[in-house]
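What follows is a short report on a single structure.
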Amino acid sequence: LVLSLAWLGPAVGGEDKDEEVTEEEEKEKKEDEVLSDEIKEEDNVLVLHEHNFARALSEHQLLLVEFYAPWCGHCQRLAPAFAQAAAELRNESSPARLGKVDATAQTALATEFGITSYPTLKLFRDGNRTHPLAYTGRLDSQGIVRWVRRRAGPSATLLQDTDTIAAFISSQDLVVIGFFKDLRAEAAQAFLEVAAEMVDMTFGVAEAAELFQEYGLSADTVCLFKKFDERQTNFPVDPARGLDTAELTRLLRAHSLPLVMEFTNETSNQIFSAKIPHHMLLFLNKSSPEQLSLQDGFRAAAGGFRGEVLFVVVDVTGHGADVLSFFGMTAADAPTLRLVRMENNRKYRMEQDNFSDSAIGTFIRAVLDGQVKPHLLSAEPPEDWDARPVKVLVGKTFEQVAFDETKNVFVKFYAPWCPHCQAMAAAWEELAERYKDREDIVIAEMDSTANELENITIHGYPTLHYFPAGPGRKMVEYKSTRDVETFSKFLENGGTLPEEPPVSEVRGQPPWPGLSPAPAG
């Protein structure tokens with residue numbers, strides 16, 4: 001058929017010329033469309049460019065714009081949620097609309113709004129293009145809808161009498177009310193800023209004197225009302241310092257959680273977004289009545305550490321089964337306790353598990369006071385750890401190999417699931433092969449998800465450290481290009497290279513459940 005069409009075309013005559021004219025017309029038509037200020041839509045999302053952007057701002061009171069790149073995986077994953085949010089807001093006749101800009105094509109807009117990563121979301125209000133608000137919500141449809149709704153209306157409901165405030169408190173499992181004697185004062189305005197950001201909570205505000213009296217207050221106070229644990233928690237506003245928005249946000253996050261949480265698929269996001277610096281974990285088998293009873297002492301200990309330590313129950317036969325390897329445990333180790341310091345994922349354990357509230361409290365206080373050493377994971381060293389050109393290190397053997405004063409040791413710290421680590425694996429093997437006969441150079445690797453070191457914290461994968469021969473326990477982090485020739489130059493120059501731009505890596509260790517963070521960029 002292709003051959004038939006090839007010879008038939010010229011015989012008919014004029015087809016090629018007409019086709020050229022048609023293509024030219026289409027090109028001109030597309031150029032006219034781009035130059036026009038007409039606003040088209042895709043799945044309820046406004047398609048914006050430099051010629052219609054001003055019109056979109058003038059026509060919509062609130063406009064949330066996604067600046068994206070067509071090749072960006074994060075943008076592609078966001079697209080369905082963004083479209084769903086756009087449809088939901090449109091269906092409820094919200095004054096807000098959602099739009100998108102291909103920042104790789106619309107470079108003038110990308111430059112104007114300082115777009116350096118994708119996706120970037122910005123909110124434009126009342127046609128103002130000089131001070132857009134950075135999006136701070138979750139990147140799912142409900143997160144986007146809640147965030148936009150909160151900015152489309154008042155961030156807090158004005159409560160004016162006892163009946164209204166009582167109904168407001170009983171309407172939700174958790175509400176936040178700011179009691180201020182002057183709603184125009186700085187503290188009240190700061191409270192409204194917090195309310196605008198914390199879209200997953202319901203906020204009210206009150207200034208009537210009778211309402212202060214009704215809830216036992218005499219000065220400006222933010223109150224958290226819950227239908228669980230403590231029914232009313234007060235956060236008085238310091239008259240001298242005023243209301244610190246970051247501190248209030250932290251307190252509300254910490255106190256909005258139940259005193260003891262169970263680790264489930266539904267609660268995991270709450271647990272890790274609370275930004276509580278320590279997590280105390282009780283691992284148990286929920287099918288065992290004897291182990292379930294251990295929760296009583298665990299809960300009794302929790303009250304004294306509210307906001308400082310989050311208490312979490314982990315069912316080793318349920319959702320918690322997936323996190324056991326992160327702790328070097330199996331289900332048979334339950335019941336047991338672990339404390340995790342979230343800033344560096346250091347784990348602490350009792351010498352002998354004791355589940356009484358007093359023992360748990362004493363142990364936690366000792367860890368917080370720096371009196372307990374972390375419990376470091378280590379795999380068992382393989383019998384053939386040095387048989388291949390790349391030597392395999394574990395926690396137990398790291399010190400004796402890396403700090404051997406007669407060797408220059410180059411170590412790759414990796415995670416098995418890390419795509420960047422997988423990409424450079426062949427180069428690392430080739431490097432080791434090149435130096436396998438050098439007595440003074442060792443090329444090694446360590447799985448940092450299964451092995452931990454007391455004085456070295458790995459913040460991203462892969463991380464490459466060079467330990468030069470000689471005294472002093474020196475360590476040099478390698479931050480240059482990951483190819484064999486550059487590695488070789490680095491080694492031949494004794495662990496130095498000219499300064500070069502950093503390369504991408506998977507930043508940050510995953511939190512204690514072993515969730516994989518997204519690669520940078």
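Every residue gets a Cβ built from N, Cα and C, even glycine.
Because the structure is a prediction, the values reported are computed rather than measured.
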Just choose from Cys72, Cys223 the cysteine that TrEMBL connects to Cys75 via a disulfide.
Cys72
DSSP says what for the domain 'Thioredoxin' (367-496): how many helix, strand, coil residues?
32 helix, 27 strand, 71 coil
Among Cys72, Cys75, Cys418, Cys421, the disulfide-bonded residues in question, whose Cβ has the most other Cβ atoms within 10 Å in this structure?
Cys421
Express the predicted model's confidence over the domain 'Thioredoxin' (367-496) as a mean pLDDT, rounded to an integer.
93
